[in-house]
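Dumping what TrEMBL says about this protein:
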DOMAIN    23-288  domain 'NADH:quinone oxidoreductase/Mrp antiporter transmembrane'
TRANSMEM  56-76  transmembrane segment
TRANSMEM  96-115  transmembrane segment
TRANSMEM  152-171  transmembrane segment
TRANSMEM  178-197  transmembrane segment
TRANSMEM  203-225  transmembrane segment
TRANSMEM  237-255  transmembrane segment
TRANSMEM  275-294  transmembrane segment
DOMAIN    290-342  domain 'NADH dehydrogenase subunit 2 C-terminal'
Amino acid sequence: MNPQAKLIFTISLLMGTTITISSNHWVMAWAGLEINTLAILPLISKSHHPRAIEAATKYFLTQAAASALVLFSSMTNAWYTGQWDITQLTHPTSCLVLTTAIAMKLGLVPFHFWFPEVLQGSSLTTGLLLSTIMKLPPIALLYMTSNTLNPTLLTSMAILSAALGGWMGLNQTQIRKILAFSSISHLGWMTIIIVYNPKLTLLNFYLYALMTTAVFLTLNSINALKLSTLMTTWTKTPALSAMLFLTLLSLAGLPPLTGFLPKWLIIQELTKQNMALAAVAISILSLLGLFFYLRLAYCATITLPPHTTNHMKLWHTSKPTSSSISILTTVSATLLPISPLISTMI
């Protein structure tokens, strides 16, 4: 892709995200979401592979439908209440339609089917954008309207997302699909707490984005798309593979790594809200995700490649690891000790 075109699309992406998260009016928020969608489409389809074109088409249709629902929800609310302010969404039908629209935008169960397919058809860098920055505007809208949404509906969707995200990721061999189901599972954790403590949702999203960025950049650096390719990387970049191992375990939420912090705080908050049953359910369901993270970590570091491989072995390169990967993987493993500071901020 032409560098100038890529720069324009990247700036549009950032501008669309900024417009949505900083707007008070529903039409401005909708416009930001549309700019975001139109900016990411060329980045998904830039390889001209049939799977990439298919992914871009699926993404466009899903996001267009979700944006139409956002507009319909806000117009219905304005018709009944006269309010276009995002925080003044009070009509029950509007709240229900908006929950559906944001679930489609994010890829929450039962509107999750497009996300693994789109991620599988994209490159790792585009997949990183889809998993992190493209999730920020819908989460910002969810944050601003959280006090009027239906808690029972959100809790049900969250537990289903954690269940399906863990269950569907178990049998995958494609790393991008595993990371897509991982994202769905993490979105369940973010959604279950949004009504009770929205700041915890944002904290969970920031830490998830940080750890996912570390994983995607590492995989992009070692050029691994399948588990069989991941098995051969230990001999190539042992230090990077060891840090990938820790980052994956952090994504799984194992103590004493960074990923344990949001899960710990969310379970604590759910218990305070007399939702111990939901906390137990989502904690048990996260064990499904732990299995495929351990599987990825095992393939990345512990296994030796088999003698008869059915793929081309990658040549050993002396390309230095970028400083951004070093910083992100280190932070992904070591933030838990500052949890008292973070808990005082929220």
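Using the three backbone atoms N, Cα and C, a Cβ is placed for every residue, glycine included.
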Need a quick answer: max count of Cβ pairs under 8 Å to the transmembrane segment (275-294), which of 56-76, 178-197, 237-255 is it?
178-197
Hey, which bits of the same chain come close to the transmembrane segment (237-255), Cβ under 8 Å, at least six residues off its ends?
182, 186, 208, 211-212, 214-215, 218-219, 221-222, 262-264, 286, 289-290, 293-294, 296-297, 300-301, 321, 325-326, 328-330, 332-333, 336
Under an 8 Å Cβ to Cβ limit, what residues of the same chain, 6 or more beyond the ends of the transmembrane segment (56-76), are close to it?
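Result: 26-27, 29-30, 33-34, 37, 40-41, 44-45, 84, 89, 91, 93-95, 97-98, 100-102, 104-105, 111, 114, 117-118, 121, 141.
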